[in-house]
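**Student:** Attaching a single structure in structure tokens format; questions to follow.
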Amino acid sequence: MKKRFLIILAFAVSLYSCSTTQQTTSDDGVTEQYEQEEAPDSVNFETMLEPPEGWHHWDEEVTRFRGISSDKAYFELLADRSPQKTVTVAVIDGGVDTDHEDLDDIMWINEDEVPNNGKDDDNNGYVDDVNGWNFIGGADGENINHDTFELTRLYQKLTEKYGQMKSSALTDEEREEYLYYREIKSDYEDKIREINQQYKNIQNIEQSKAEAENILNNHFADSSYSYKDLQNLQPTSQDLNFAKNVMLYVMENDIDSTLIADQKKQIYEFAKYGYNPDFNPRDIVGDDYEDKSERYYGNNDVAGPDPSHGTHVAGIIGAERNNGVGINGVANNVEIMAIRAVPNGDERDKDVANAIRYAVDNGADIINMSFGKSYSPHKEVVDKAVAQANKNNVLMVHGAGNSAQNTDTTANYPTDKYSSAISDSAATLWLSVGATSWKPNQKFVANFSNYGDQTVDLFAPGVDIYSTMPDNEYKFQEGTSMASPVVAGVTALIMAYYPELSAQQVRQVILENTTQYPDQQVNVPSEGNPEEAEQTAFAKLSVSDGVVNVYKALWAAEQMSKK
């Protein structure tokens, strides 16, 4: 970690050595620096392997990095102002490390609850819910870590009913469900084949990497070479050409032994838990799972066994700004309500619905949902909770998903559109967020990001986002899971300074004031080779045609507040 920091620090010094620096003092007395001139033309995004920490806060005119201009907003628009409201953001996720040095002072505290007295002091149905609630744990303190995917649960349930049944024995009522079973069975078997192939691919990459390293170590006198050395290398043999191409790919995609080991572990866990129809950890919770109206179950352990994902998300939203440690979150007057409902696997509709209800009932202004799945068998249960949030002026921010799919045609649940059993309309206080990278070229849109000019509202930085991790650590992560809290943070910042605006008005100023790139051609996200990807106009991939810009949104909020 320190080596990475030193590299970035050296880069930042060279990047800004020619700029003019102005200083201002923030409300907490910490001096901020803000660069007033453009970065030099020597910044080469084609050869850069890793961005500086915090690039997503930067302004493109100043740094050439396509961030959200939050540093600029704090310097130019908010320097002499104080927030008017503390905004509560519910983070529905896999858990949050509430003791993290950069989060401990911004955790939501239920003031009506006496900590650890074993009583429901505020009579909200949840005992000792001081920082939030955990819907995937038992009353005895045990917690779910891994769970199956929704596809596996559907396959298991339908196989029990139709696996041995002949189609000729079906009633008319059963026939439609039987056809659905056949579809689910086909999808499940495709996934099993896919993860087997993924494991083989990882083995091939591992072997090719080892062979390439051996060839290059023999070629270079001191067994030392850089990315630039490889770019300039003129291969004199087929083996050397192979080694060059492999290692360029490895460097460009940050593939190291740790990543390979992590990928192997993930596939192992997919096989052992996610796609295993015989695995069912639900007994840990102790609820009546079939009763979708049941609300009061779980425990108050909002960290759970693996709070890494939720901790990273929480830090992006509101890690303590200018406190001398770690990072700066997007919002500066926020409190994080931690709600645990997402396991390593697919979240269950019942838990998601109850997590949303808990957030609304306990005063959340914003709900961040950095999760999603391809199947939602009890969507109407979630939709009722979404409708409750919408009715109570709570803005919901959802990651569009990491499947490189068009969500106009392939859903990523939950969605803003209600099921027909609830309504023919959709939630109006909803933002679906795709992910962009730090490269201002055809790779601007993250190759994994879902998209859709009718269903994805806007994009936000979601590649190489540096944020908080458990045990006072920090790490780069990527995903629409990271893009969503960027937008949630922007939303919180606007609400903090303009509490007179409704959630609908805040949503409006965000969508109407994105950064536009009308001439930008980008690769259409795909799981295939990026070099062979189709291209399209960036403006065709979302409703707003742009990337969230907090500076522009704050300026627009100021104008709207005067009307």
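Counting starts with 1 at the first residue shown.
Using the three backbone atoms N, Cα and C, a Cβ is placed for every residue, glycine included.
TrEMBL: automatically predicted annotations, no manual curation.
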**Student:** May I ask you to indicate which of 33-70, 185-222, 299-336 is given in TrEMBL as coiled coil?
**Tutor:** 185-222
**Student:** Take the coiled coil (185-222) and find every residue of the same chain, 6 or more past its ends, with a Cβ under 8 Å from one of its Cβ atoms.
**Tutor:** 149, 151-152, 155, 158-159, 229-230, 239-240, 242-244, 246-247, 250, 255, 260, 263-264, 267, 270-271, 275
**Student:** Could you measure between H309 (active site, charge relay system) and S481 (active site, charge relay system) for me? Cα positions, answer in whole angstrom.
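**Tutor:** Distance (Cα to Cα, whole Å): 8 Å.
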**Student:** Measure from the CA atom of S481 (active site, charge relay system) to the CA atom of D93 (active site, charge relay system) and give the result in Å, rounded to a whole number.
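**Tutor:** So the alpha carbons of D93 (active site, charge relay system) and S481 (active site, charge relay system) sit roughly 10 Å from each other.
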**Student:** Determine the mean pLDDT over the domain 'Peptidase S8/S53' (85-522), rounding to the nearest whole number.
**Tutor:** 96
**Student:** Return the residues near S481 (active site, charge relay system), defined as same-chain residues 6+ apart in sequence whose C-beta is under 8 angstroms from its C-beta, sorted by sequence, else 'none'.
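**Tutor:** Set apart from S481 (active site, charge relay system) by at least 6 residues yet with Cβ under 8 Å, we have H309, H312, V313, S370, F371, G399, N402, G462.
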**Student:** Among the active-site residues listed here, D93, H309, which has the most company in the form of other Cβ atoms within 10 Å of its Cβ?
**Tutor:** D93
